[in-house]
Amino acid sequence: MDETNTTIIVGAIVGGLALVAVILRFYVRYSRNAGFSWDDWLILFSLLDVIAIDAADLYATSFNPNGAAAASSNGAIEYTPADVTYTKITFTSTVLYFTLTSTTKLSILFLYNRLFSVNTSFRPRVIALGIVVLGFWIGTVVSDLLNCIPLEWTWLNSLDDPRYCFNYNYYWLATGVVEAVIDIAIILLPIPIIVRLRLNRGKKFGIAGVFLVGIFVIVSGIVKVILSYAPNSREPSFSQTQVWTTVHSCTGIVCACLPVCWPLLKFLGKLHPSSWFASTVTRKNWYGLSAWSSQERRVLHHLDHRNRAGERIGSISGDRHYELSPV
């Protein structure tokens, strides 16, 4: 199987999974009359972005199957018109990629803010990490656009001429490492809150597992960085970059949708309901926090303080719980 077919097949599979995940996410939100929030619209933008990137990369690969080899060559070669077109498309895709990965991360952070807003100490951490993500996005996009000065040297074989372009191979490696660190921070962010929930150990692991599925996103990102790095070259291996960038981006979208889609997946799979999801307090927080009144929010803050003080909030097993009705 050649690289073109591999790119097409992998892109179709993981892209289809991302599409299904986003559709299920919006279905769950709509069916629960929860309305749509920033996290939903950001993940929808990420989906449209990844579709645009996949379409562009597939077109570039089919238009010029040898474009990746030319763009990653170690020697000074004269680009053909097809090579120039290929490089222009892949350059545009890299700018879109940094936007895609940033909006996906911001979607997860907005989701965290909705789910755990009753914890007053949690929001500043979400905001701080959100600022880091915004800084990552601005820095990578600006750096990408200033890769070569003037810009047209980006697609005129700049591999052996450092006077005009910086070493994009090192740049891609560095941004991949920074992105992996941010992903780890995002995944670990809600774990302390989950640990404080008064549940048995098995149920805590079950809840944490919903978020820790994102570890696969980190793994795919690390694989992307390792395989795309080309020693002794000024450009990464674009053939490897296309495949693993698609895998990394689409799995990120799927993992961002999983916490929202979990009740539907639990129902379809006839899974044993976690007491955390069975709790009316948490369930309403999960689907409709924006619809609560200020009085109900004060009740939630009171319950949260009691929980952190070690008092039992209702019956975790579902025998008794606090009822809060939306406005």
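From the backbone N, Cα and C atoms, a Cβ is placed for every residue, glycine too.
All TrEMBL annotations are machine predictions without curation.
Feature annotation from TrEMBL assigns domain 'Rhodopsin' to 24-266. Positions annotated as transmembrane segment by TrEMBL: 6-28, 40-60, 95-115, 127-150, 170-195, 207-230, 242-265.
Touching of the transmembrane segment (40-60) and the transmembrane segment (170-195) is ruled out by the presence of fewer than three CB pairs under 8 A, sequence neighbours closer than 6 excluded. Comparison of 6-28, 127-150, 170-195, 242-265 by number of C-beta pairs under 8 angstroms to the transmembrane segment (95-115) places 127-150 first. Same-chain residues lying 6+ beyond the ends of the transmembrane segment (170-195) with a Cβ under 8 Å from its Cβ atoms: 98, 101, 105, 108-109, 112, 115-116, 119, 122, 125-126, 129, 132-133, 136, 140, 143, 147, 204, 207-208, 211-212, 214-215, 217-218, 221-222, 224-225, 228-229, 236, 241. Residues of the same chain lying 6 or more positions beyond the ends of the transmembrane segment (242-265) and with a Cβ under 8 Å from any Cβ of it are 3, 6-7, 10-11, 14-15, 17-18, 21-22, 24-25, 27-29, 39-40, 43, 46-47, 50, 53-54, 57, 61, 68, 90, 97, 100-101, 104-105, 107-108, 111, 115, 210-211, 213-214, 216-217, 220-221, 223-224, 227-228, 271, 277, 286.
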